[in-house]
Amino acid sequence: MTNIRKTHPLMKIINHSLIDLPAPSNISAWWNFGSLLGLCLGIQIITGLFLAMHYTSDTLTAFSSVTHICRDVNYGWIIRYMHANGASMFFICLFLHVGRGIYYGSYTYSETWNIGILLLFAVMATAFMGYVLPWGQMSFWGATVITNLLSAIPYIGTDLVQWIWGGFSVDKATLTRFFAFHFILPFIITALVMVHLLFLHETGSNNPTGIISDADKIPFHPYYTIKDALGFLLMISLLLTLVLFSPDLLGDPDNYTPANPLNTPPHIKPEWYFLFAYAILRSIPNKLGGVLALVLSIAILAAMPLLHTSKQRSMMFRPISQTLFWILVADLFTLTWIGGQPVEHPFIIIGQLASFLYFFLILVLMPASSLIENKLLKW
């Protein structure tokens, strides 16, 4: 009799995705981040669900409801900090996952890549709205500053901002709708993840060499299930260390002050994972230009398959491209640092140079270096 996992309509899908899936024999730990992102999403949905049971999305009670969760709800403090720091782990895994895709040329699977970009936008939107919910000073002013950027859109800008706010400023209506969107978006993200995997399984995984590996495949289970389990263990250990020893390390002290529309914090800045994009936004003196640069800082990833000029897929055997890739990584660290600094000399000029270098590397230097490497192949 045939095994039920190979015949049952539902089990068959799971079997083809997680058990009998043919996988390349040489994929490294950089391929662990996809499953780690799935784990992060699961942690965020579960902890978020329990937080939503106790949270109230009203300007008068939101801040105290979060305090109540931490003080009075059984294990509320760990649920709250798992959720807050889980977001940081989510973005660490996201950045590493995207970086892996760029380094090893995974973006040539353009459908999978484009769904991935949509996922990145969706996760960023979710994280932004989640940051508004505790209704601290940085929540309120972050929401005010970022939503206000839409007013830069010609003709419809002001109306659009007021429509999103549900009034003439960030207030009760804004908080309520942000809570509603923050609740629904993770489920939309889950659906997009399934589409992402559907497209990935149409082609199969890439591998570090970038060479087609159809001749040498191994079953996903047990080889990669155990490898993923090790990744899970390491990531949960890191997350729990952060939550139990220094839960506020990555947060902003201003968010422990209840929101006050009459008192602006001296430095308005988002969470650390948005600082690179915030630095790019601030580096352009024009409001509309800044907003466009902000969107393009992520949307530029969609141009990656079009800008691939190399005859090789992966950067594994391309030293010039490797050097430029690591310069790009260093540039992103620089932008992250600048995003957290005040707008004054010398940070302004450093931010402008780093922002220029970011786009110049992706649009000009990396495609050009690939062409040079193509020539070097003939030597």
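Counting begins at 1 with the first residue displayed.
Here the Cβ of each residue, glycine as well, is placed from N, Cα and C on the backbone.
Residues or ranges marked as heme b b562 binding site by Swiss-Prot on the basis of similarity to another entry: HIS83, HIS182. The Cβ of HIS182 (heme b b562 binding site) has 21 neighbouring Cβ atoms from other residues within 10 Å, across all protein chains displayed.
The Cβ of HIS196 (heme b b566 binding site) lies under 8 Å from the Cβ of THR112, ILE115, GLY116, LEU119, each of these being in the same chain and 6 or more residues away along the sequence. Secondary structure at HIS196 (heme b b566 binding site), taken from DSSP and collapsed to helix, strand or coil, is helix. Feature annotation from Swiss-Prot assigns heme b b566 binding site to HIS97, HIS196; the stated evidence is similarity to another entry.
Reduced to three states, the DSSP call for HIS201 (ubiquinone binding site) is helix. Around HIS201 (ubiquinone binding site), a 10 Å sphere centred on its CB holds 14 further CB atoms from the protein chains shown. Sequence annotations record features per position, and here Swiss-Prot assigns ubiquinone binding site to HIS201.
Residues annotated as transmembrane segment in Swiss-Prot: 33-53 (among others). Here the transmembrane segment (33-53) has long-range neighbours at 69, 79-80, 82-83, 86-87, 89-90, 93-94, 96-97, 100, 182-183, 186-187, 189-190, 193, 228, 231-232, 235-236, 239, meaning same-chain residues at least 6 beyond its ends whose C-beta is under 8 angstroms from one of its own.
Long-range Cβ contacts of the transmembrane segment (77-98) within its own chain (Cβ-Cβ under 8 Å, at least 6 residues beyond either end) map to 30, 33-34, 36-37, 40-41, 43-44, 47-48, 50-51, 66, 69-71, 116, 120, 123, 127, 130, 235, 238-239, 242-244, 247, 250-251, 271-273, 301, 332. The annotation transmembrane segment is assigned in Swiss-Prot to 77-98 (among others) on the grounds of similarity to another entry.
The transmembrane segment feature in Swiss-Prot is assigned to 113-133 (among others).
The transmembrane segment feature in Swiss-Prot is assigned to 178-198 (among others). Tertiary proximity for the transmembrane segment (178-198) is limited to same-chain residues at least six positions away from its ends with a CB under 8 Å from its CB atoms, namely 17, 38, 41, 44-45, 48, 52, 55, 57, 112, 115-116, 118-119, 122-123, 125-126, 129-130, 132-133, 143.
The feature transmembrane segment is assigned by Swiss-Prot to 226-246 (among others), with similarity to another entry given as support.
Taken from Swiss-Prot, the feature transmembrane segment covers 288-308 (among others).
According to Swiss-Prot, the feature transmembrane segment maps to 320-340 (among others).
Taken from Swiss-Prot, the feature transmembrane segment covers 347-367 (among others). Cβ atoms under 8 Å from those of the transmembrane segment (347-367) belong to residues 279-280, 282-284, 293, 296-297, 300, 303-304, 307-309, 321, 324-325, 327-328, 331-332, 334-335, 338-339, 341 of the same chain, restricted to positions at least 6 beyond its ends.
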Does DSSP give HIS97 (heme b b566 binding site) helix, strand or coil?
helix
Non-local residues, at least 6 beyond the ends, that sit with Cβ under 8 Å of the transmembrane segment (113-133):
55, 57, 62, 66, 87, 90-91, 94, 98, 101, 106-107, 139-140, 142-143, 146, 174-175, 178-179, 181-182, 185-186, 188-189, 192-193, 195-196, 199, 270-271, 273-274, 298-299, 301-302, 304-305
Nearest recorded site to HIS97 (heme b b566 binding site) by CA-CA distance, among binding-site residues HIS83, HIS182, HIS201:
HIS201
Around HIS83 (heme b b562 binding site), how many other CB atoms lie within 10 A of its CB?
21
Cα distance, HIS201 (ubiquinone binding site) to HIS83 (heme b b562 binding site), nearest Å?
30
Using a Cβ cut-off under 8 Å, which residues of the same chain at least 6 positions beyond either end of the transmembrane segment (226-246) come close to it?
29, 32-33, 35-36, 39-40, 43, 78, 81-82, 85-86, 88-89, 93
At the level of the C-alpha atoms, what whole-angstrom distance separates HIS182 (heme b b562 binding site) and HIS201 (ubiquinone binding site)?
29
